[in-house]
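First comes the structure, then the notes that go with it.
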């Protein structure tokens, strides 16, 4: 605001009376340039009283002073003076007057002034349009433009350029195309300023073809026109095309100017194309523009952000002149590379060079370290900012709020916020974001309401952050209030807000309201579709998500990688392999098959849908693989019974310097469990602890499970004892492990010790304990555990019933076991009836009922046919057994191949039942067969249902995979060493009997883990104390 004036002195009044008009004009111009508004105003009032001539030039200067100061009160005084002097009809002054009122925010006075003049004045219309454009009122600019035409006033080139710029900010190109037609009709299509504005408008709307057409039809292509087209392509991500245009410009003989080189260097910076940048730098030197300070600053930025610190330093040091922008660019480069100390030392150098740090200096350093998340660096920069006196600059302090939050110091972020005297909406957004980031979403919502009581108006980011806070704490009521605020403030037009609103409703479990918001949107971008599709998948509405994806394609919205990953997950959960394969073809069509995230999801989808081969092909043809890719493939191998391949892949992953993460370790421990790879497991156990997972309970629990399944109770106990904390899964893993080893007493001991530590068992713990009872037929103990489970208020589950039925059946209470199933509140699955069938040797009628249940559920259940046939064999009904076998062939019920694994010298060997034996293994098996017979062992040839002689059937039994593995182990390990074998199926009775005999003959401990339990054979006895049937 202008200061109150002093009265014009009598001496000055006398002097003015004696001056000629030229001297008075010079004097008043000097007063205007000195900003002495009221001195000029008093002089003009005096001159008016004395009838002296007043130049319109001075009046124009007065209005310009008001505009520069945005002083509406002073402007009104000039307006009154204009009326008194009769100059208010001067078009130039009237235009300035209108523009001045608009700049001061007084639209009503601007309209009033505008309405007093003839509407044929182009300059007046231009002033109104220009003022609205300056304030970002794009629609008002367009409205005035059309009113101008309706008033038969033809806009000039200057107005058309302004209007075209405004139209580029509208959501649709309709208005822009209409104005383009007006341009052609007005004959101004060759005006180079308009040509540039048209190219810019089309480029801004991503309509590059139309922008190129305008360019091609331009009669003259100046460097400014080329610059506009190049910049437009670059902003639309058409990097290659932008560089092509740059080279074409040279081919047409148009030399670039400083704007060209700055634009191209910015492009090189964005894509880190240093080689292209070097070529541009050489051209700049040849053109003699290497001293241009803006170009120097851009070169430093390009080299610095592309990782070429030394090149940036060279450019800086070679520049003979350095303004503050160059110093700031170099400081930003140092901090970007982590050289914070060097960046801060430059502030001292800056002072020695005779310059003072400005706000951009501090922002340069902050920008450089913005993503480092280093608390010590944040505090160091903060101290320097305070030292140079910028700790009161709001923009800088806002940055510190966010920086401290990202650096993990929520307290520092709050302290900076509290030190800000007049926070703006950016400050509030920063502190709300900090609270959400640090799990203080409830407080973030309180801040959202508080900022409004402080007179602040929430913007898009405020609303989005607050909706995010609602999502975090499922504050649906707060979310509804914010939704009301959105409606009241007419913010529904902002797609970012509406996307966050849909996300909030989904995460709060309100799919119906999310759907209402989704359907209400006139336009939906890819983020909208992706949020809703992902939300449906989160709520297990997989089929609906696929339908929505189909609708998205019908509306011609291209999915992004997050959409694709979500839909692949839906296919995976629906086991929809055909849909997944169609989506894979679509991914290739979109050119997204190189995205690592999508590759990982494809591998996972194919694996879960049972198509291992296609998943493996995706993995092996992937252009790049991260730890998730490797882990997905390793897990797929484990799930599909290729655990030995999983171990090979894990080793290859490490050879390629990919560091395993938590998920990778968990997958490989499962692979070790299923292959009895104890030595490999121990080595990877050490690696996982070195990687920082020694206190990770999930890793610890997985290790206990691995050691138990590998038959090493000692190692499992050691891991358990050394675990820094033991959760319910840790205890349950030990109980389940002892159950697999048929050691009910120790399982019970751990169960009781767990309760003494204050941990209450859950339903999984009871499954583990009941399975121990089931393996040994401990009916009384098992029923006591069930009673305890009920007393703890734990609901009974299907697994508990299956264990109960098994313990009863194993003890011979078959009718009671069947009653458990017949009276079950749950439908009994195949595993339950199969378990009961395996114990029905003495009850053919019940066996047939169980068999009928199983084949009704799945006519290709190979285990049901095999068990039923064995029961007939045991009952002496060989013909009935053969009939069942024929039925199995007709039903194509082929059991999966038996596989056995053995680890020797940290290498896993795989043996498949029925494979051709090597001469060495065959000789060893025959040798063992002779020794076993001499010890009284008789092969159980009745287990072989195919017709043939007893000798033929013995040969079939000799080919069982676990016998091959044992023979290989005996040949490959020193005398007395334990042999560990893992089998993917249940051991047959003959192999169980043979393993017992071999352990006695060879004086070896033989540990075999099958799909049910761990058998430890020693001195002719098995730890299970039962046969395998």
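Cβ coordinates come from backbone N, Cα and C, glycine included.
Computed from a predicted structure; not experimentally measured.
If you look up TrEMBL, you'll see 121-155, 222-256, 323-357, 424-458, 525-559, 626-660, 727-761 marked as repeat 'PPR'. The domain 'DYW' annotation in TrEMBL covers 936-1025.
Secondary structure of the repeat 'PPR' (323-357) per DSSP (helix as H, G, I; strand as E, B; remaining residues coil): 26 helix, 0 strand, 9 coil. Secondary structure of the repeat 'PPR' (727-761) per DSSP, as helix, strand and coil residue counts: 26 helix, 0 strand, 9 coil.
Summed and averaged per residue, pLDDT over the repeat 'PPR' (323-357) gives 77. Residue counts for the repeat 'PPR' (222-256) by DSSP state, with H, G and I taken as helix and E and B as strand, are 26 helix, 0 strand, 9 coil. Distant neighbours of the repeat 'PPR' (525-559): 495, 498-499, 502-503, 506-507, 509, 511, 514-515, 518, 566-567, 569-571, 573-574, 576, 579, 590; these residues of the same chain sit at least 6 beyond its ends, with a Cβ under 8 Å from one of its Cβ atoms. For the repeat 'PPR' (424-458), the residues of the chain that approach it from at least six positions outside its boundaries are 394-395, 397-398, 401-402, 404-406, 410, 413-414, 417, 465-466, 468-470, 472-473, 475, 478, 482, 485, 489, judged by C-beta separation under 8 angstroms. Note on the repeat 'PPR' (727-761): residues 697-698, 700-701, 704-705, 707-709, 711, 713, 716-717, 720, 768-769, 771-773, 775-776, 778, 781, 789, 792, 794, 1009, 1012-1014, 1016, 1023-1025 of its chain, located 6 or more positions outside it, place their CB under 8 angstroms from a CB of the stretch. Secondary structure counts, DSSP: the repeat 'PPR' (626-660) has 26 helix, 0 strand, 9 coil. For the repeat 'PPR' (525-559), residue counts in helix, strand and coil come to 26 helix, 0 strand, 9 coil, using DSSP. Mapped onto DSSP classes, the repeat 'PPR' (424-458) shows 26 helix, 0 strand, 9 coil. With DSSP classes pooled into helix, strand and coil, the tally for the repeat 'PPR' (121-155) is 26 helix, 0 strand, 9 coil.
Mapped onto DSSP classes, the domain 'DYW' (936-1025) shows 37 helix, 16 strand, 37 coil.
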